[in-house]
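Colleague: So TrEMBL lists these for the protein:
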type: DOMAIN; residues: 3-182; note: domain '3-hydroxyacyl-CoA dehydrogenase NAD binding'
type: SITE; residues: His139; note: site 'Important for catalytic activity'
type: DOMAIN; residues: 186-284; note: domain '3-hydroxyacyl-CoA dehydrogenase C-terminal'
Amino acid sequence: MEKISILGCGTMGHSIALSAAWFGQNINVYGIDEQDLALAAKGLNRKLKVMAANGLFDEEEANRINSRIYFSSSLEEVVSESTIIIEVIPEVLELKKEMYARLEALVDEDVIIASNTSGFMPSLLAADMKVPQRFIVTHFWNPGHLIPLVEVVKGEKTIDATVERAMAMIHSMRKKPILLQKELPGFIGNRLQYALFREAQALLDSGAATKEDIDAAVTYSIGRRLPVTGPLMTADLGGLDVFSAISNYLFEDLATDQHSGETLTRLVKENKFGDKSGKGFYDWEAETSDKINEEREQTLIHFLKNDLKRTGGIRP
């Protein structure tokens, strides 16, 4: 069994730690100071309580999971026995490169260094590494303890053994790894997500529909079938002749904007960032935010319970 360490104890860091500890791993987690570590421990405990309350495991198992996670502000201590290190620090290129330099001075050459980046390409991140063959991207999706998908992206110099070990680690967490065959900005998931977001912005900016109806068009239609059939399988079920014909006349009318839309740009300039600032496309009072986040969490737990019930993990 690999010995996993996680660098970064924020929301994604401790969520990934929970995923690994749930299925028997002892995990070391690094945070920059005691305040960050205390916040991480608080967030971890809340997630464990919610998962236990929803029947994913009992309180006794929640305590066992918690006991497998060790927090420390000593980088040397956290990585001293690691065989795989997952970096989950802020999306700042120089910060990440500085961390990799520190790690290469501390660990053996066969220790895998993985990044949870959601956008940087691995060859860019590993450009200054002494041993880039051991570097790989493992992009967990937020919330990391509830969403099964992990995107695996190899760099130009990443060796097959690194890929195989990373995939095995992800499987050990009962998650679903997918492998991007070549480096692309945004990987797979974000390219699909932002194609939809671009069209949603265009519909709103043009006055074609309200924000509520645009969101409803997803949550009450295509969103209902996407958990079962992705876009290509959906096309197979609907008939490729039909989907080809629609593509031929519709694609030329779809949005091709290269930057954020008019409404989004204005909102950002007005410091309206969404939930975290209280206003965005929607108004976010504390009660509204709590209600929506709880509903989303309950739905994701429902899907996860079905995954575990069906296969003992996620579908192969």
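Just so it is clear, glycine is given a Cβ too, placed from its N, Cα and C backbone atoms.
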Colleague: Averaged over the domain '3-hydroxyacyl-CoA dehydrogenase NAD binding' (3-182), what pLDDT does the predicted model reach?
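Modeller: Mean per-residue confidence for the domain '3-hydroxyacyl-CoA dehydrogenase NAD binding' (3-182): 97 out of 100.
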Colleague: According to DSSP, how is the domain '3-hydroxyacyl-CoA dehydrogenase C-terminal' (186-284) divided among helix, strand and coil residues?
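Modeller: Its residues fall into 62 helix, 3 strand, 34 coil.
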